[in-house]
Structures are given as structure tokens and as C-alpha cells.
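Chemist: According to TrEMBL, the protein carries these features:
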ACT_SITE  Glu277  active site
BINDING   Cys124, His276, His280, His286, Met294  Zn(2+) 2 binding site
BINDING   His221, Asp223, His236, His246  Zn(2+) 1 binding site
DOMAIN    159-321  domain 'Peptidase metallopeptidase'
MOTIF     122-151  motif 'Cysteine switch'
SIGNAL    1-23  signal peptide
Amino acid sequence: MRPTVFLVAVSLLSLHLCLPVSARFFPNVSSIPHNLLLPNVKNTAWDSFRKFSGCHFGERFAGLTKLKQYFYYFGYIPDKVANFTDNFDDQLQSALRTYQQNFNLNVTGQLDEATVEQLIRPRCGNADIVNGSTSMNSGKAKATSNGLRTVSHYSFFPGTPRWRKQNLTYTFWPNNQLGDDTKSVFSRAFQRWAEVIPLNFTESGVYQSADIRIGFFRGDHGDGEPFDGVLGTLAHAFSPPSGWFHLDLDENWVISGDVTASVISSAVDLESVVVHEIGHLLGLGHSSDEEAIMYPTISASSRKVDLRNDDVLGIQQLYGTNPNYNTMLSPSVQQNDTSGTGCVDSRWAINVLVAGGLVLMLL
Ligand SMILES: [Zn+2]
Ligand SMILES: [Zn+2]
């Protein structure tokens, strides 16, 4: 990030700190306004990608540049955005193959329906691949075929950063003016991780000195990772020890109730996203295990809050086991190969530097 851009970013963040901002929270699905209850909400971040279904290699199709920008953002295309065209070329086909491998799809290199459906699914803003380094399937050896062992999918950040203390504090950006019901969602999510590792999480009222700082922001909010409105990217969090945890202010966050029973296409279960992002805050990268909390996508109107075997093995490799945690009580624990990959996401290393700079500038 250039110095001038960085200063502008800091100014934007400072501006954010001066203005009260309330995110859109709904106590339950029945409290969401009628205009958001349509079965198919249009104009969500990636809804336009549906038109690409069936598009083939060699075709020129209006809008494919935007799809290439998507793949660039998440690390599947290394080239600069300025070079993109609307041609379905080798660049796009290669990105599709890698993406399909990472998300357990048929590796066709084509924009088949299943691939498009996965592409438009809401997801974490963290990249999957940077400079050829992937934390997902495409960067791993094939699973053994004896049927007794499976490959673990968890991964860590560059240098395997982790917190060097057991008692961590978290706090909320005061301008969001969150209610106790919303804050309790975060408390429950932290506790899910604390159950399996020897870490404690306590809410702090002091924003600047807390280890983890949580805020809801809209669009470009000063860290080079802008949010994109309804659905699309939902949140992102930086690796230890930065502690920055940002969520998209424009989502329709549901904080309680059965989100899965609704027909609301844009409702997002807050706790599901928070549990995932805490994994990043503690040092985990993305996983190709669809059942894992650290899988990058989550469908709207769905809920996934329980840590799975892959998540537990990964986080315990970083911090050890909570002496009170009994694996026999966890029905999801299975016999896995515990070999980590060492694959990392270098974007997060950059983010850590940026976050560190923001901290220094704001103090
Ligand atoms: Zn993520
Ligand atoms: Zn951010």
C-alpha cells in the first residue's frame, strides 16, 4: 500500500470512528422487513454471475472481466486487473480448475451449473490462494486410498502466528452501538473455541487496548479489503496478533431464531460467520472440508456453528488441548491424519502489516 493511499485509508477509518453507525440486526427472521423477504433478492454482489452458466472456453461473453476480478481477489488469477478481457481464455479456465478442486467440484474448467452456484455463494473475504500458495485442496497431496485415513484440511498463516498468552480480551467498535443480544452472539462464538483449547476470552470496555477489536463497516473502510453490500463477502479477520475483525454493515444479520426455516434469501446467521472469523483471529486459514467451520463459504439462510474435527485438530495444533475438553463427548470427532500442510495465505501477512500500521497511526 502506497503512503498516500495509506494515509487516506487512515483518514477514512478515523472518520468512521467519529460517526455513530448502526448495523442492520434482526432479533429473528420474522422481524426482517417485507421488502427483504423476496425469495430471490437481486443485485447482491455476485448474482450477475448466474448468466455465465454454460459459457464455454473460447467464447467472448460480456461481463467475464468481472468474474476474472473475482478470481483475482481470491487469489486464483495472479495477473493484474488491467489485463482482463471478456474472453473465456486459458487464464479463466485455469482459475476454474483450481477453484473446482478447492471446493470439491468436478474439475471441468467449465462454468457448469454447480460451479456457478458455488461461486455466487456468500463467503469470507479472505483469499484462498496468493502467489500460488494455497491452503486448500489444490495445494495438498491426494488423500490416501486405504479408507482408514483422510487428509486434514486445516491450515495456518505465514509463519504460523498464534497468540502467546492465554487470556485474550475483545471489544466492539463503540460507534456500532451494539446491543447486549448482539454482543452475546460473539460471546457464545468465542466460547465454542475456548472449549477445545486453553484460551480464555473476556469482553473489555477499552477499545484501544483490547486484543481483538470488532467492528461492522460499510464498503471501503480503510484496510484495502472493501465490503460489497448485501451478500458477497460477509466479513474478514486478520491473523494473530493484529486482532482486527470486520463485518459487512450491509448484511441482514440475524442474531437469533431459526434462520434455516426462513425463505429469506439474504438473511445471514451472525453466529455462523463469527465462529468462522474467530478461527482466523486465532491463526487458522481456510479448509476444503465442507463440514468444517473454516470452509470459506456459507449459504444465506443457513447456520453452521459447531466446530468439526478438522477445526479442532487445527486449533489444538496451535494451542494444545483444553484439559476440560473430552473428545469422547464430541460426536463429530473422527480419526484423521493430523498432518498439517504448512500452506499459508500470504495476503494475511500483508494484512497484519497494514493492521499494525493502523494501530500505530491511531495510537
Ligand atoms: Zn475465512
Ligand atoms: Zn476490514
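Keep in mind that glycine also has a Cβ here, set from the backbone N, Cα and C atoms.
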Chemist: How would DSSP class Asp223 (Zn(2+) 1 binding site) in three states?
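Modeler: In the DSSP reduction, Asp223 (Zn(2+) 1 binding site) maps to coil.
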Chemist: Going by C-alpha positions, which of the recorded positions (His221, Asp223, His246, Glu277) is nearest Cys124 (Zn(2+) 2 binding site)?
Modeler: Glu277
Chemist: Work out how many Å separate the residue listed as 'active site' and His236 (Zn(2+) 1 binding site) at their Cα atoms, rounded off.
Modeler: 6
Chemist: Between the binding-site residues His221, Asp223, His236, His246, which lies closest to Met294 (Zn(2+) 2 binding site), Cα to Cα?
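Modeler: With Cα distances computed to Met294 (Zn(2+) 2 binding site), the winner among His221, Asp223, His236, His246 is His236.
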Chemist: With the Cβ under 6 Å from ligand 1 as the test, give me the qualifying entries from the binding-site residues Cys124, His221, His236.
Modeler: Cys124
Chemist: When you put His280 (Zn(2+) 2 binding site) at the centre and draw a 10 Å sphere around its Cα, which of the binding-site residues His221, Asp223, His236, His246 have their Cα inside it?
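Modeler: For His280 (Zn(2+) 2 binding site), the binding-site residues whose Cα atoms are within 10 Å come to His236.
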Chemist: Could you list the residues of the same chain, at least six apart in sequence, whose Cβ is under 8 A from the Cβ of His246 (Zn(2+) 1 binding site)?
Modeler: Gly215, Phe216, Phe217, His221, Asp223, Glu225, Phe227, Ala235, His236, Ala237
Chemist: I'd like to verify something. Among the binding-site residues Cys124, Asp223, His246, His276, His286, Met294, which ones have a C-beta closer than 6 angstroms to some atom of ligand 2?
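Modeler: The qualifying binding-site residues are Asp223, His246.
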Chemist: What's the most sparsely packed of the recorded positions Asp223, Glu277, counting other C-beta atoms within 10 A?
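Modeler: Per-residue Cβ counts within 10 Å for the recorded positions Asp223, Glu277 bottom out at Asp223.
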Chemist: Can you count the other CB atoms that lie within 10 A of the CB of His221 (Zn(2+) 1 binding site)?
Modeler: 20
Chemist: Mind looking up the mean pLDDT for the domain 'Peptidase metallopeptidase' (159-321) in the predicted model?
Modeler: 94
Chemist: I'd like the Cβ neighbour count for His276 (Zn(2+) 2 binding site), meaning other Cβ atoms within 10 Å of its Cβ, all protein chains included.
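Modeler: For His276 (Zn(2+) 2 binding site), the count of other Cβ atoms within 10 Å is 28.
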